Structure formats: C-alpha cells, structure tokens
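These features come from Swiss-Prot:
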type: BINDING; residues: Lys46, Gly53, Arg54, Gly55, Glu109, Cys112, Glu117; note: ATP binding site
type: BINDING; residues: Asn209, Asp223; note: Mg(2+) binding site
type: BINDING; residues: Asn274, Gly331, Ile332, Met333; note: substrate binding site
type: DOMAIN; residues: 9-254; note: domain 'ATP-grasp'
Amino acid sequence: MNIHEYQAKQVLAKYGVPVLKGGVAYTAEEAEKVALDLAGPVYVVKSQIHAGGRGKGHFKEPSAGDKGGVRVVKSTDEVFSNAKQMLGATLVTHQSGAEGKEVKRVYIEDGCDIKRELYLSLLVDRATSAVTVMASTEGGMDIEEVANHSPEKIFFQAIDQATGISGFHCRNVAFSLGLEGKQVGAFTKLLSALYKCFTETDCSMLEINPLVVTGDGQVIPLDCKMNFDSNALYRHPDIVEYRDEDEEDPMELEASKHDLNYIKLDGSIGCMVNGAGLAMATMDIIKLKGGAPANFLDVGGGATRERVTAAFKIILSDPNVDGILVNIFGGIMRCDVIAEGVIAAAREVSLNVPLVVRLEGTNVELGKKIMVESGLPIISADNLADAAEKVVKAVKEAS
C-alpha cells in the first residue's frame with residue numbers, strides 16, 4: 001500500500017525523524033491559511049499524488065501553468081495562486097503514465113537552505129534476506145538513472161535483522177555520502193530512526209529523495225515515499241487510515257475486494273490463471289507468441305465460482321482487452337468450478353472477444369464438458385503453448 005508524502009512525513013515524525021513544518025490543503029484558501037502559519041518567506045507547494053517525478057512532471061491543462069508539480073514560491077499570495085492552478089488539474093510524470101493523475105490535495109511546506117542533495121532508501125533485499133540501506137550522493141535524480149549510468153555512485157549496506165542497526169552501519173553510510181563532523185552524528189540518529197520506523201510498520205520500501213544537508217549542517221528528508229506490505233496491514237490500523245482509494249487503479253481496487261491478485265498492464269490479452277508462477281509463465285509465452293498481456297491475475301487455489309466470475313468481469317472491464325486466455329492447472333482448484341465461473345461471467349457481461357481456455361488437473365473432463373454444453377464460442381487448448389498461439393491468432397483475426 002502506498003501513501004502520500006505528507007502522510008509519510010507524519011509517520012516519520014512519530015519516530016523522531018526531523019521534518020520541515022507543513023500542512024495539507026484541499027483548496028487554495030486552505031493552502032494560503034497553512035502558509036500563514038509557516039515561518040516563510042520561502043514556501044514549497046507540492047502536488048500530492050501516488051507517483052514519483054512530480055517536480056519534473058507537467059500538467060495537461062494550460063490553466064495549470066507550465067511549471068511542474070512541485071513549486072518554490074516566495075509569498076502567501078503565490079502559494080494561493082499556484083495551489084489554485086494545481087488543484088483539480090492532471091499531473092503527468094514518468095511514473096503516472098500518459099493519462100496522469102488528478103491533483104486533489106497539495107502539501108505546503110517551509111522552504112530551506114539546501115547545501116547538498118543526497119539519496120537514501122531502505123528496502124528488503126531478497127538476495128541477502130536483509131533490510132538494506134541504499135545511498136547515493138546523486139540526490140534529486142531518479143535512482144534508476146543513476147544505477148544505469150553511474151552504478152559506482154550507489155552504496156549498499158545490509159543490516160542483519162537478528163542484530164538490528166548499529167552505529168557502524170550508520171557511519172559506513174554517512175562516510176559513503178561524504179558527511180563529516182556533526183553531520184555524521186545527526187545522520188546516525190536519522191538512519192537509526194528510519195530503520196526502526198521501517199521494521200515496526202512493516203514497510204516494504206522507504207525512499208528519501210532528496211535527503212538534504214542544510215546550510216547550518218542539519219540533515220533533513222525533503223521528500224519521502226513509503227510503501228507498506230499489504231499482507232501486514234491488519235497489524236497497523238493507523239496506517240490503513242492513510243489509504244487513498246482515489247489514487248488506486250479502479251480494477252485493482254475491485255480485485256482486492258475479492259481477494260484477487262490483479263495488476264493492470266498495457267497489453268490486449270487478458271489473463272486469468274491460478275498461481276503466481278503459472279501466471280508469469282503465461283504472460284511470458286503470450287509475449288513469445290507475439291501478443292501482449294493486459295494484466296496479471298492470480299485467482300488463487302481456493303477460488304469459488306463467485307470469485308472466478310468477479311475475476312472475469314474485472315478483466316472484461318478493461319477496454320484494451322481484445323481477447324482472454326484462461327489457464328488453469330487444477331490441484332486445489334477444481335476445473336469444473338473454473339468452467340462454471342467463466343460461463344456465468346461470459347453470459348452476464350455478453351462476451352464479445354475471443355476466449356481461449358486451457359484446463360488441466362482435477363475434474364478436467366467435467367470442466368471441458370460444462371464448457372462444450374454451454375454453447376458459448378469458447379476455444380479449447382491442449383497445452384500452454386497451444387493456448388497462447390490460439391489466443392494471439394484469434395485476437396489478430398478479430399481486429
């Protein structure tokens with residue numbers, strides 16, 4: 001689960017992380033009121049959307065001006081005018097997709113005297129099975145760009161969860177960033193607090209970009225992004241309250257209500273599969289045969305007819321879907337249940353795209369019989385390669 005920048009800073013503040021004073025606003029009037037409570041005379045107006053690259057982004061609407069989604073201003077009047085331009089406008093960034101995201105709230109924050117910009121993040125490294133600190137002197141840039149062009153500028157520090165973070169971990173990272181004197185002590189306190197926050201909130205990624213060193217030597221997170229493990233949210237009702245469903249994909253949101261693992265992609269062939277590994281293999285072979293998957297969808301091993309029907313409806317709600325491939329290996333999941341769910345959904349939504357079904361496993365013959373007797377134009381496949389070839393061919397012929 002993702003949260004907004006201002007919410008992330010609220011979480012960090014609870015752990016003693018120094019953050020600049022600021023407040024969220026939903027109208028230009030509220031934005032000006034927040035600014036009046038800040039020290040000034042420099043303020044930063046920040047669009048709040050679940051996408052990175054806001055500062056380098058652009059708005060679709062000419063009325064929003066030609067500046068990005070993060071603007072430095074020098075008066076409360078400018079706070080008002082810029083907030084008015086941004087609120088309700090559509091911000092497009094390299095992470096939002098071409099459709100962009102509507103700005104429904106802005107964060108007004110005190111400006112600061114920036115001497116250096118650094119990069120810092122904590123994440124779970126599956127290669128080392130440890131929480132790992134990633135740091136770079138190239139703050140303010142996309143870390144992917146740094147990794148591609150200057151990988152030597154990224155420093156990694158793994159932390160064994162059995163022992164937790166220690167002073168030497170913090171000093172290693174501080175020295176890699178070129179910090180010195182009192183800055184090292186300030187950074188040690190900061191990183192220790194970030195690690196505690198990361199582990200106690202079941203965070204999956206905590207990114208600060210940039211982490212700035214101010215003119216008076218303070219080390220402060222200027223921007224912050226936090227993602228949380230959705231499987232652990234039941235332990236954090238306070239974090240769940242930060243969820244902004246308006247920022248989530250409508251289809252992914254609907255899928256979550258039915259305990260379906262769904263991720264929207266850019267292709268035209270919808271996929272419904274049981275098991276994450278088989279789902280990824282299915283997407284791979286669709287690409288291999290010349291198609292492009294429209295989604296990742298794992299219905300799980302214990303799906304009911306109703307759940308399968310819901311999955312089918314979600315796939316068909318994507319206007320980009322020109323064909324569907326159902327690939328089921330029935331172990332715990334029975335093939336007859338899948339067949340009944342697919343047929344029920346196809347009839348309910350008036351299926352008008354090619355449908356290829358590959359069934360194997362428990363009750364497979366019964367499942368195939370149910371589909372044949374349904375009278376629906378379902379294309380049966382014998383194996384995964386055959387299924388991928390048939391759905392790609394059917395989509396091309398139908399277009």
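Placement of Cβ uses the backbone N, Cα and C atoms for every residue, glycine included.
Classification of Asn209 (Mg(2+) binding site) by DSSP places it within a strand. Look at Gly55 (ATP binding site): DSSP puts it in coil.
A C-beta separation below 8 Å, combined with a sequence spacing of at least six in one chain, links Gly53 (ATP binding site) to Thr93, His94, Gln95, Ser96, Asp142. The two recorded residues, Ile332 (substrate binding site) and Cys112 (ATP binding site), show a Cα separation of 58 Å.
Recorded residues Lys46 (ATP binding site) and Asn209 (Mg(2+) binding site) have their alpha carbons 14 Å apart, per Cα-Cα distance. Regional average pLDDT for the domain 'ATP-grasp' (9-254) in the model is 92.
For Gly331 (substrate binding site), the nearest of the binding-site residues by C-alpha distance turns out to be Asn209; the candidates were Gly55, Glu117, Asn209.
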